[in-house]
Amino acid sequence: MQVVNVATLPGIVRASYAMPDVHWGYGFPIGGVAATDVDNDGVVSPGGVGFDISCGVRLLVGEGLDREELQPRLPAVMDRLDRAIPRGVGTAGVWRLPDRNTLQEVLTGGARFAVEQGHGVALDLERCEDGGVMTGADAAKISDRALQRGLGQIGSLGSGNHFLEVQAVDRVYDPVAAAPMGLAEGTVCVMIHTGSRGLGHQICTDHVRQMEQAMGRYGIAVPDRQLACVPVHSPDGQAYLAAMAAAANYGRANRQLLTEATRRVFADATGTPLDLLYDVSHNLAKIETHPIDGQLRSVCVHRKGATRSLPPHHHELPAELAAVGQPVLIPGTMGTASYVLAGVTGNPAFFSTAHGAGRVLSRHQAARHTSGEAIRASLAKRGIIVRGTSRRGIAEEKPEAYKDVDEVIEASHQSGLARKVARLVPLGCVKG
C-alpha cells in the first residue's frame, strides 16, 4: 500500500519503485524510490528520505592485510574498537566541537571540512559521494533543538542497526571490477554504517510538521499524512532541502571521523593502513538529471533505504573506478554476509538499488524470545566477536530479524539494478 500511495505524489515520473529489501516505513516504504519532476509541480517529501538523513555506508579496505594474518590479533582489535568507537543513544562523539560556529562548518563542509581539520586524507574525498560535501546546505534552516542535538554527537555510531564491522572478502564474483577496488579473497575490510544522529532526526521531525501545515496552501492532498510534501521550488521545499543537505554533510563528517578512529586502532594493533573504497548514503533526496519521455529533465530523486548505483563512465565517478561503475555497499546482519556490488547501465529506478537485508521482525518482536547474551554466544561459536553497549540492542538486531541478504542481492543482480562484485563475511561487530 505504501508503494501505491507514493505513486500518487504530485509530479511523480515513471513509477514508484520498491527495492528487493522493501519493508514498511514512515510514509514511504524503506526500500522505496520515487522521482518528481522539479519543473512540473514536483514535490519533495521528508517521508521519502526518513528520519536518519544521510544514513549510509562506507567501506575501508586493509592494504595488504589478510584474514589469516588478522585472526590471532582480532580479539585485541575488537577490544580496542570497543573503547574507541562511541555509540548508544545520545552518546557524545569523538570530536568535541567547541561551539556552534564549528558545527556550522561541519553542516556546510561535511567530510571535506573534517579532512581539512586533519581527520583524513584528500583521497578520502575522491571516494565519497559528492566529494564528501552536499551543496546547498543552510544551517539557518535548522531549529535550535536540532543544532543542540548535533553539537555533541559528531563522531559517534548511534544505536539500532548502526554498526562498525570487521569483515573479510569471502568470494569474488567479478575479478575485473574487484581489482581496482582492492578486493581479493581474504582481504580484510571494515564497514561503517551510521548517519546524522539526533540532528537528522530532529530536522525530519521539524519539517514534517511544517509541511503538514503548509500543504493546504499549495492545494496538495495526500492519502497518508506521513507523505506530507510541498513543491520543490516552494520556500518550504527549499528550506527542507537546505536543512537536509546540512544533515547529509553531518552524516558524512560523522563517518569520516569514525574512519579516522578506526584507522588509529588498526595502525596501532596491526600496522596496517585502511583505504576508503567508497562512501554512499541510502537516505537522501537529490536533484538529478534523467531522461523522461525522451527529454532530459530535472527531477528530485527520493531514495529511502535505497542506494545510489551509478553506471560505468558516469561523470561523478572517480577516475580509478569509472570503468567498473560505482561501488554499491550493501550490509547484511551481525551473522550474515555483506556485499559489494557495482552500478550498471540500464537501471530503470533512477540508478538505485537495495540498501540492506530488510527487516521482517520489529525490534520488539526480535527481542521478545531471545537474549542478547545468547546471540553473542551463538555468534562467538562461529568465530564472530560482538561488542555491544546493551544486550537488548543485540537481541533486536539478531540475524533472524532480517530477510535473507543473499536473496536480496541475487534479486538486485538479476533485475539489473546492480551486479555482484564480492561477498564479505563478518569477523567482528561493534554495535550501538
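Cβ atoms here come from the backbone N, Cα and C positions, even for glycine.
Together with Cys55, His193, the Mn(2+) 2 site in Swiss-Prot holds one more listed residue from His282, His290, His302, His313, which is His282. His162 is the only one of His119, His162, His207 that Swiss-Prot places in the Mn(2+) 1 site (with Asp52, Cys55). Taking Cβ-Cβ distances under 8 Å and a sequence gap of 6 or more within the same chain, the neighbours of Thr333 (GMP binding site) are Ala357, Glu397, Lys398, Pro399, Ala401, Tyr402, Val405. DSSP assigns His162 (Mn(2+) 1 binding site) to coil in the three-state reduction, outside any helix or strand. Spatially, by CA atoms, the recorded positions Cys55, His162, His193, His355 include one closest to Asn283 (GMP binding site), and that is Cys55. The secondary structure of Thr333 (GMP binding site), as reduced to three states from DSSP, is coil rather than helix or strand. A C-beta separation below 8 Å, combined with a sequence spacing of at least six in one chain, links Asp52 (Mn(2+) 1 binding site) to Gly195, Ser196, Gly200, His201, Asn283. Summarising the environment of His282 (Mn(2+) 2 binding site), the number of other Cβ atoms within 10 Å of its Cβ, over all protein chains shown, is 30.
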